[in-house]
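Here the structure comes first, spelled out in structure tokens, and everything after it is commentary.
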Amino acid sequence: MPHVVVVTAEGPAAHDLTGLLQTQEFTTDIIGGSKDVEARLVLACPDLIILDLPPPRELGLLLCKNIRAQESTRTVPIIIVSSRDHEDDRVRGLDAGADDYMVRPLSGFEFIARVRACLRRAEFRGSSSVVLKVGDISLDRDTKRVWRDGHEMRVASTDVLMLECLMERAGRPVTRARLAECLGSPDAHATGRAIDVRVARLRSALRHEGRPDPIRTIRNEGYAFFVE
């Protein structure tokens, strides 16, 4: 199920939003305050970010730009929620990198509909390209063939599914449970040692002429895909 993170300076308002989302079976987190927001978002692994803009406006817009500039959150959809409803506010919010802009007071039904619409658009963008490329590694979604630095790599077909999952969320931690779902085995056994064994096999398959290991182990999180 999609994971939505609300970034806000106002606790009660954020709980109203997460309450709405949870009734529709979204999982949620709240990131409060203004310190280390970008770093905390990386750890939260959001599928969508709700940016509840606090005053002053400029700080919120700068935060939106910074979130969009980060590699790990570059493609994550952002919805701005604000009490400011001037045309200039909406334009500047969208120009800062937001995918949508909603004005308080919110309609619960419209809010959920817009969240779902943003997620659909993000899913379409992620799946529309046949060839997935991150750094020097390319994966053809149709043929399940993998190349590194122009050389075809021999990767088991089931491991290609796991590689695709990691590449789609490049720069962000992916849990063992999520990797198991990508393999079609969302059970307790598959989320433990079995996933670690598959990741080790995938790492071995991606070795090429001294190139660095693109898969990092994230303690207490899972794995993340990075290519320098």
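The backbone N, Cα and C atoms fix where each Cβ goes, glycine too.
Listed features, source TrEMBL:
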- 3-119: domain 'Response regulatory' (DOMAIN)
- Asp52: 4-aspartylphosphate (MOD_RES)
- 129-227: domain 'OmpR/PhoB-type' (DOMAIN)
- 129-227: DNA-binding region (DNA_BIND)
Set of same-chain residues at least 6 away whose C-beta sits under 8 angstroms from Asp52 (4-aspartylphosphate): Val6, Val7, Thr8, Ala9, Glu10, Ala13, Ala14, Leu17, Val81, Ser82
Segment confidence, the DNA-binding region (129-227), expressed as mean pLDDT: 86
Secondary structure composition of the DNA-binding region (129-227) [DSSP: H/G/I, E/B, coil]: 32 helix, 24 strand, 43 coil
